[in-house]
């Protein structure tokens, strides 16, 4: 506008040299961050709103990295992607916890909490639960007391193809179940929670319908596979069974040892039987 006013003979057009400067300024403008929002000076930015935006972005990143991890074939690449998946999950949980704390503080402030109100909301981890399964679902039973004060909206859940996080918000505490690595894959979009009178039911849709899960977590699955006796295909089947029973005897309690000893004694008493049944015992 200044150019049009001061330079005669331009017929309202911006001279070429000023157009060139305008193009340069467009190219050197600093990039605007995707979360930048124009607000007035009197409009505060809610911390939980900013955290929620970041959580949504991280969840999208997590979903994409999990897809890469699922399609990766090289062990080193799988290991790197697995570490990145774990890091993203930790970041999401940290942001959710920060947003929850900010929201609780804001709620107490808006309700007129005085300086003498020292009520604190603490987190309690759920480590004990019962489980069952059908052809389509794995079911987790979270037994919690005083569920009458909890509504359906107080139960929050986050599912991925191999993890589950469930939060039950009570007036003075939050109970959380977090399983970072499930035993098998699930379908996150078909998983849900349901409140019962004495427990919270978590329904995990199996990715492979009809498959029987040996355990809930990947850690439990690996522990069972480690303890499983290694039976050689070329080994005599009776020798493999003897080896398995010997391990059970060595690692079992007194009741287990008595039961195995009784079975060995009875086999010896049978005519022509039990000659080679655990002679080292």
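The backbone N, Cα and C atoms fix where each Cβ goes, glycine too.
Database features (TrEMBL):
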type	residues	note
COMPBIAS	103-118	compositional bias 'Polar residues'
COMPBIAS	217-230	compositional bias 'Basic and acidic residues'
DOMAIN	124-217	domain 'CS'
DOMAIN	201-281	domain 'SGS'
REGION	99-118	region 'Disordered'
REGION	215-238	region 'Disordered'
Please spell out the DSSP helix, strand and coil residue counts for the domain 'CS' (124-217).
9 helix, 46 strand, 39 coil
Please compute the mean pLDDT of the model over the domain 'SGS' (201-281).
75
